[in-house]
Amino acid sequence: MEQNSRALIDGFNRKIDYLRMSVTDRCDFRCVYCMAEDMQFLPRQQILSLEELFQVAERFVALGTRKIRLTGGEPLVRQGIVDLCGRIAALPGLRELCMTSNGSQLPRLAQPLFDAGLSRLNISLDSLDAERFKQLTRTGDLAQVIAGIDAARRAGFQRIKLNCVVLKGRNDDELVDLVRFAIDRELDITFIEEMPLGVISEHERGESFCSSDEVRARLAEQFTLIESTESSQGPARYWRLAEASSTRVGFISPHSHNFCATCNRVRLTVEGRLLLCLGNEHSMDLKQVLRAHPGDAERLEKAIRDSLHLKPYRHHFEVGGDVQILRFMNMTGG
């Protein structure tokens, strides 16, 4: 009863029980849809310390959060990330600690992360062609990422999920091959419509947009898709494959089928801004609270609760429209 009475409820009666925490804005890739090629990263004093990140996680779990996802940038380039995972995973009441990674550091870190208590991994994979993969990531090594995926499987992670951002004319001819790759390794895969965050020069977003409906129609030419009621507590909607019971295909559709009505999420940027919506700038500065009142759990809890009235009902992303959010995805928490 005490947990219910302390639950985080926004102004539209949505229960907030999922926190996405960015632990760094830095990354060893420069993906074309995520950041500028010459990205300027934040100085260390501007980002939350590992202890500050833990304090926020601890307070959210005390307020009923049951799922935390660690993001970046690339979370595995943050020194001390394995220890942070261990501390957060041990919080009483937390059901799931997940991470989204580009996979490059998993050959050496998959086993330590699993041993520390990380529950699940999402791994970005936008192409199976080495040259194309390098073009999309600007610096990435496909073989290294595949080695990371295999290391995660050996470490014991279950329900590993691949994330693919679909860009028309750049990787949309690989949809079937990516699903077959997932089937071969008994992985889930989610296809994502590009998020319109930050001004990019690599491609015109309106021209590169590929809707989830189009992706699903193309896959249906090769596979039998069975709609599922399963949920990962996030925005993805899943289909089962008649041809492969161990693989689910998901779709995240911020443009064509937005998931705002049931949104249960907030995001913490590495600067300590609590973002109430991916597509809005409404935020609460938790870093200011953490540093002005170190160790004061009550003040931190009050700031979190006070922020909920800022959460809007929905975002207003438009395909091909003007960029409304200037922060890049790596600054938001991917």
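Just so it is clear, glycine is given a Cβ too, placed from its N, Cα and C backbone atoms.
These come from Swiss-Prot:
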type	residues	note
BINDING	Arg20, Arg69, Thr100, Lys161, Arg265, Val266, Arg267	GTP binding site
BINDING	Cys27, Cys31, Cys34	[4Fe-4S] cluster 1 binding site
BINDING	Tyr33, Gly73, Ser124, Met195	S-adenosyl-L-methionine binding site
BINDING	Cys260, Cys263, Cys277	[4Fe-4S] cluster 2 binding site
DOMAIN	11-236	domain 'Radical SAM core'
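Least packed by the Cβ count within 10 Å, out of the binding-site residues Arg69, Lys161, Arg265, is Lys161. Taking each of the binding-site residues Cys34, Cys263 in turn and counting other Cβ atoms within 10 Å of its Cβ gives the largest count for Cys34. Comparing Arg267 (GTP binding site) with Cys277 ([4Fe-4S] cluster 2 binding site), their Cα atoms are 8 Å apart once rounded. For Cys277 ([4Fe-4S] cluster 2 binding site), the nearest neighbour among the listed binding-site residues (Cys27, Arg69, Ser124), judged by C-alpha distance, is Arg69. Taking Cα separation as the measure, Arg265 (GTP binding site) is nearest to Met195 of the binding-site residues Cys31, Cys34, Gly73, Met195. Taken residue by residue with DSSP, Cys260 ([4Fe-4S] cluster 2 binding site) is part of a helix. Each residue in the domain 'Radical SAM core' (11-236) has a pLDDT score, and their mean in this model is 93. For Cys31 ([4Fe-4S] cluster 1 binding site), the number of other Cβ atoms no farther than 10 Å from its own Cβ, over all displayed protein chains, is 20.
The CA atom of Cys27 ([4Fe-4S] cluster 1 binding site) is located 5 Å away from the CA atom of Gly73 (S-adenosyl-L-methionine binding site). Cα proximity to Met195 (S-adenosyl-L-methionine binding site) (within 10 Å) is found for the following binding-site residues from Cys34, Arg69, Thr100, Cys260, Cys263, Val266: Cys34.
Every protein chain considered, the tally of other Cβ atoms within 10 Å of the Cβ of Val266 (GTP binding site) stands at 27.
Mapped onto three states, the DSSP output places Cys34 ([4Fe-4S] cluster 1 binding site) in coil.
Here the binding-site residues are Cys27, Cys277, and the one with the most other Cβ atoms within 10 Å of its Cβ is Cys27. Spacing of Tyr33 (S-adenosyl-L-methionine binding site) relative to Cys260 ([4Fe-4S] cluster 2 binding site) is 22 Å (Cα to Cα, whole number). Here the Cα atom of Val266 (GTP binding site) is found 21 Å from that of Ser124 (S-adenosyl-L-methionine binding site).
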